[in-house]
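Q: Got a structure for you, written out below as structure tokens; questions coming shortly.
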Amino acid sequence: MFTKRKEKIHFIGIGGIGMSAIASVLNAIGFTITGSDLAKTAKTESLESSGIKVYYGHKAQNIEDDVTAVVTSSAISPTNEEIIEAKSKKITVISRGEMLAELMRLRYGIAISGSHGKTTTTSLISQIMMHAGLNPVCIIGGNHFNLKSNAACNDLSSEYMVCEADESDGSFLRLSPVINVVTNIDNDHLDYYGNVEALRVAFLEFINKVPFYGCSFLCFEDNVVKDLSKSANKKYYSYGFSKDYDFYVDRDSIRVEAPITYFTAYHNSECLGEFSVPLIGIHNVLNSLASIGVGIHLGIDIADIKEGLKTFEGVGRRLNKLYDKEITLFDDYAHHPTEIKATLSSVRNAYKNRRIIAVFQPHRYSRTELLLNDFEYAFNDADEVIISDIYAAGESPIPGISGEIICDVVRKQNNHVRYIPNIEDVLPVLDDIKKDGDIILTLGAGNIVRISNEYARKLQNG
């Protein structure tokens, strides 16, 4: 680790999915961890149960005199009074990304990047490595159900670390992985990058960050990633559905027996056999293939890779089944049009003869404005669509930008869409329109998960 002394480190916004994972690992290593957040949640309660002191509300007095460093995320304003207090005490203030980089610096790092699929791929690789006994330090952007956490540090002597590489604020360029994965590159986070070209340049820099003995796994089903590979100056392996790629899956071998997908994978034309994973969707076949490639590169036995995938229990908010009786209720984090389309396509292919009701809470005014026209085809696999107003995530409203204008765009391809501004008013509508056999799918990165969990409880209680 980066210091022999075990100082006290304070996290502002400790309940966030990325911040809480890093705090958990540092706590397991032996650092004294404190943190603050605005409200008590299941995650902050979990941190408290592990011995971490959590303050509720941001106050200057939360920065104790013996704090050595303060970690903050991009969601925290520079004018936050805890940051001001830390600086007045000459306490080092660093970003979440910088602390993550410190955790990786002296380890064999495996970093998973991409606009979509990071959390699932990170979780799959973690599961394979844990099953093989490598026991990596894990930093995951969702709750890994096998781990029952978004972090793992079960073996302090482990040389391996697996984490998501977050491109949203450029912090993934701080990391020093030996292996990296790029799942895809989409038009997202342009509020930070300014334009698509700058985003692509950042990903190319990430690809080229591996050392001479390292490598990248690049998904060639994504044309942007495939094009960037031409400028890569480090070793990489391609993966996808073509026999021309280093790792590939025979499309004809894919079969779905929901919730399990079976497929046959190859490495340089050598058949690796049939694999199964309890996930649906072509995108998850690709995520699984990336994890197979990483496992083989690490020297993990094929039997262990297969068993690791087979025993994967899933990750939070990635097509989680919350209820399955007269209707089936799923919840998913998808909020970008590409993610929504992929998720709905997966459900449609797995449950061909069932009616699908999609409930979507848009995320951020800026993202809605930027991606508005991309929503046109995103809901084509849904029979009924409900769209609420936008979850602001701290942003100020943009005049003319609302959930209603997304409805207008979606109606160009799907007439069965309705606008319900208040997400709290969705449940009575679902009660009115649902029929036995329906699939209800809630989508979004905001607080829609609270609504889906509430509806699941209501259904359970009759």
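In case you wondered, yes, glycine gets a Cβ from its N, Cα and C as well.
So Swiss-Prot lists the following for this protein:
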- Gly114, Ser115, His116, Gly117, Lys118, Thr119, Thr120: ATP binding site (BINDING)
Q: Neighbour count first, Cβ atoms within 10 Å, every protein chain included; then name which of His116, Lys118 tops the list of binding-site residues.
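A: When each Cβ's neighbours within 10 Å are tallied, Lys118 leads.
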Q: Taking 10 A as the limit, how many CB atoms besides its own sit near the CB of Ser115 (ATP binding site)?
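A: Its Cβ shell of radius 10 Å holds 23 other Cβ atoms.
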Q: Sort out the sequence-distant neighbours of Gly117 (ATP binding site) for me: same chain, 6+ apart, CB within less than 8 Å of its CB, listed by position.
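A: Spatial neighbours, sequence-distant, of Gly117 (ATP binding site): Thr183, Asn184, His283, Asn284, Leu286, Asn287.
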Q: Other than Gly114, Ser115, His116, Gly117, Lys118, Thr119, Thr120, which residues of the chain come within 8 Å of the ATP site, judged by Cβ distance to the Cβ centroid of those residues?
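A: What remains near the Cβ centre is Ile112, Thr121, Thr183, Asn184, Asn287.
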Q: State the count of C-beta atoms found within 10 angstroms of the C-beta of Thr120 (ATP binding site), not counting that atom itself.
A: 31
Q: Reduced to three states, what secondary structure does DSSP give Thr119 (ATP binding site)?
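A: For Thr119 (ATP binding site) - judged by DSSP and reduced to three states - the answer is helix.
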Q: Using a Cβ-Cβ cut-off under 8 angstroms and a sequence gap of six or more, which residues of the chain neighbour Gly114 (ATP binding site)?
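A: Non-local contacts for Gly114 (ATP binding site): Thr121, Glu167, Val181, Val182, Thr183, Asn184, Ile185, Cys219.
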Q: Which number gives the other C-beta atoms within 10 angstroms of the C-beta of Thr119 (ATP binding site), all protein chains shown included?
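A: Here the count is 23.
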